[in-house]
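According to TrEMBL, the protein has these features:
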ACT_SITE  76  active site, charge relay system
ACT_SITE  170  active site, charge relay system
ACT_SITE  194  active site, acyl-ester intermediate
DOMAIN    24-486  domain 'Amidase'
REGION    146-166  region 'Disordered'
């Protein structure tokens, strides 16, 4: 049952083939069994079982709230949750329990979803590996998959094994939770690729909605002008179901779109001949691995063979996006992190010599090196003597980057097809050889510009590498054309038939997963 899609399990619940309580207990058991992955910071077992009990009563009365009623979900630990600790994986917020739910969390609960717990992340979502939080790094479930272990000729999992893979970040805990079958959907946040990056490394659908489509209220901010709640699932249809619940105007978030949002039920696309697929030439960078490059080319050929128009396009200001993103990101981080001063909530040091000493010590104890480094950089860019030369210029470049996308989509392109990451997931010991800033610049090179432009984008897992690890590609659409983007993504998903992760060592109910296994399509399979 745990290997089925959200929609399939919803049908099973409605037919009485499984109860919400049984489903919840299965997920809780698997969360405990996969604890070594470090996907969860907090497991809300008691609350989830109470929610399951309430859902069960609704089903018995024939009063189901919808497709999410009784469905186990997880939430990244930078979304506020009433009565449940929200830490942002930081010493600064250890022990902080919010008095309210983030809008997206409340919408999930209003539809009867079961909140299994809060997932791990890089501290305050500042990273691309989910390795920098105070609760330790997240391990990629694919490290323990049959596909990867057989390619590496490795023995079954050892508790002391250090040869494991990163999940990507910063929403790595949410990705690991979905990939390991402990829930059917999870919320991440996406500021520069933080949902799409781990989705690519964990073989999942990772969706970043258009900026303003989904409320940010209750998402502890990193970069207000780029943050978007993201969705992680195992298939595109499941993403559309969750998006349909989350999307819409929120009076608590002035950046959300006004008025009702259309249903996100996806039509079946059978004819792609009227589509125009753009291939940005600037994304063909030297650092791109040969395997990703090959799959990107094969994906373009697949659209071409089905009659779609595939053409090379230019996003000429792409080369400035990393520097521009760094200036804007750190500037907003410096502003947002100023609220953590030890006075109203969060960590407070024991020093009381002076207010200034208390501030400094609290922030030194509460933030890690990565967060402190970004605060320092941001404050430098915002200094009076630097403001015009850095922040204002970066804002102008951001506008040029956004206009590049507008020009491409106005030229008749429906969807852009790009890589999501430079390569497959790498071992943890290799990943930490570089500093956080370098890693983020490299790993988010294809994703950051989308956040600066406020566009929808989605990662689709395509095939397994020669090492037996997931490789994903990214689709980017025009602003607020999220349904069209997901419809194209669904068609592509059906063509490539990405294989299900095989976790025999971890799952008692593995037969239900393997029964649904799909073979990689010949058109995109690695040779």
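Cβ coordinates come from backbone N, Cα and C, glycine included.
Note: TrEMBL annotation is automatic and uncurated.
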Integer Cα-Cα distance in angstrom, residue 194 (active site, acyl-ester intermediate) to residue 170 (active site, charge relay system): 5
Averaged pLDDT, computed only over the residues in the domain 'Amidase' (24-486): 95
Distant-in-sequence Cβ neighbours of residue 170 (active site, charge relay system), under 8 Å, six or more positions away: 121, 122, 125, 126, 127, 128, 130, 188, 189, 191, 194, 198
